[in-house]
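Below is one structure, written out as structure tokens; the observations come after it.
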Amino acid sequence: MPRGGSRGNKKTHKGQRRHFTDESEMKHAQEKEERQKEWRRKQGIESEEEEEVEGKETVVKEGEEAKGAAAPGDLPPSSSEESSDDESDKHKGIEHLIEVENPNRMKGRAIKKVTELEGGKTELTRREREEIEKQQAKANYQKMHMAGKTDEARADLARLAIIRKQREEATKKKEAQKAKEEAAKQKS
């Protein structure tokens, strides 16, 4: 059961009245919608759904014209439709006087890259410069290291030389030991 003493199935909020649209408001809304459709059609923005709906409307209108009589709900074209073109030419407020360029709103302009704006040369940021210098320094160090010109490379080479000498001495001792063992076996 509906509450609040309202009639019918529609519920209203407490303390509020029902709102009925005026006939003139409906006409105004319909004219506005037609103007928007016309503008979309001129701009080429019209969607397929709107085309299908308009196609059905034209078929109905052609059928009515063939009968020669208008439907009871149809109204004769008024002079307000003719003056709607004049209203669209008029500007509201001072928008037409001030040119505002909103970077977020791109109207058919091609998006330009930063390189195109500044003539192709861009300055690197401090971080980018430091990163490039770091990479160059690392490559240079590797090159010097391979040539044996760095302190670390010299230390590595000296260590390798010492290890080689120790291994050579160890192999000589083993050979001398083996020779002594073989000589002892031959004597016995």
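Backbone N, Cα and C define each Cβ position, glycine as well.
TrEMBL has this to say about the protein:
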REGION    1-109  region 'Disordered'
COMPBIAS  8-18  compositional bias 'Basic residues'
COMPBIAS  19-45  compositional bias 'Basic and acidic residues'
COMPBIAS  55-67  compositional bias 'Basic and acidic residues'
COMPBIAS  88-104  compositional bias 'Basic and acidic residues'
DOMAIN    102-179  domain 'Casein kinase substrate phosphoprotein PP28'
REGION    168-188  region 'Disordered'
The compositional bias 'Basic and acidic residues' (88-104): which same-chain residues, six or more beyond its ends, come within Cβ distance under 8 Å?
35
Work out, from DSSP, the number of helix, strand and coil residues along the compositional bias 'Basic and acidic residues' (19-45).
21 helix, 0 strand, 6 coil
On the DSSP side of things, how many residues of the compositional bias 'Basic and acidic residues' (88-104) fall into helix, strand and coil, could you say?
2 helix, 0 strand, 15 coil
